[in-house]
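The Zn(2+) 1 binding site feature in Swiss-Prot is assigned to Cys4, Cys7, Cys24, Cys28. The Zn(2+) 2 binding site annotation in Swiss-Prot covers Cys16, Cys19, His32, Cys36 and is backed by sequence analysis. Summarising the annotation, Swiss-Prot assigns zinc finger to 4-36 and lists sequence analysis as the type of evidence.
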Amino acid sequence: MTTCSICNESEIKYKCPKCSFPYCSLPCWKIHQSQCETVNDNNTTTFKGVKEPLNPPEPSPNVIYVNGRIPSLAEEALPSESLLESIVEDPSIKNLIESNAELLHIMKELVNLDREEEGSVPLKTLDAIQQQRLHNPSFEKLASMILEKYYAQK
């Protein structure tokens, strides 16, 4: 036997049609009705006394939150100009890109996509890079070479 969540005395006989909260009688339903509300934006119902507000995630040390919502990379997470130059000038990386026409085409598309994006975090570009890493072995090899060089000099 499950007792009513409002009066804690009688057995449950009914459930709220809006949120399925169990109650036993009309007086308990009236008490519950004052605490039950429908949220109109997505037609969901909540019970005021039960749900806790969602807390935002803890910020990562490498992410700066602007207005509490828009992340951008912290300066220390970005590669230095000298590191970028050494990666671009690396003979093995240059050779891999120049010897693979498809890879050269992908790199040009990614550069163009990055130039078109606005904001501090190029989400479309990052998504495109991830897709290429998943579906293109040559691109994965290039990404691995760049990351090895990046972490070797960090």
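Yeah, the Cβs are placed from backbone N, Cα and C, and that goes for glycine too.
It should be emphasised that the depicted structure is a prediction, and the values quoted were computed from it without experimental measurement.
Taking the features listed in Swiss-Prot, we show where each one sits on the structure.
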residue: Cys4; record: Zn(2+) 1 binding site; contacts (Cβ under 8 Å, 6+ apart): Ser10, Glu11, Ile12, Pro22, Tyr23, Cys24, Ser25, Cys28
residue: Cys7; record: Zn(2+) 1 binding site; contacts (Cβ under 8 Å, 6+ apart): Cys24, Ser25, Pro27, Cys28
residue: Cys16; record: Zn(2+) 2 binding site; contacts (Cβ under 8 Å, 6+ apart): Pro22, Tyr23, Trp29, His32, Gln33, Cys36
Of all the binding-site residues given, Cys19, Cys24, Cys28, Cys36, which has the fewest Cβ neighbours within 10 Å once its own Cβ is left out?
Cys19
Just to be sure I understand the packing, how many Cβ atoms besides its own are within 10 Å of the Cβ of His32 (Zn(2+) 2 binding site)?
21
Per DSSP, what is the residue count of the zinc finger (4-36) in each of helix, strand and coil?
10 helix, 6 strand, 17 coil
Can you list the residues of the same chain, besides Cys4, Cys7, Cys24, Cys28, whose Cβ falls within 8 Å of the Zn(2+) 1 site's Cβ centroid?
Thr3, Ser5, Ile6, Asn8, Glu9, Ser10, Ile12, Tyr23, Ser25, Pro27
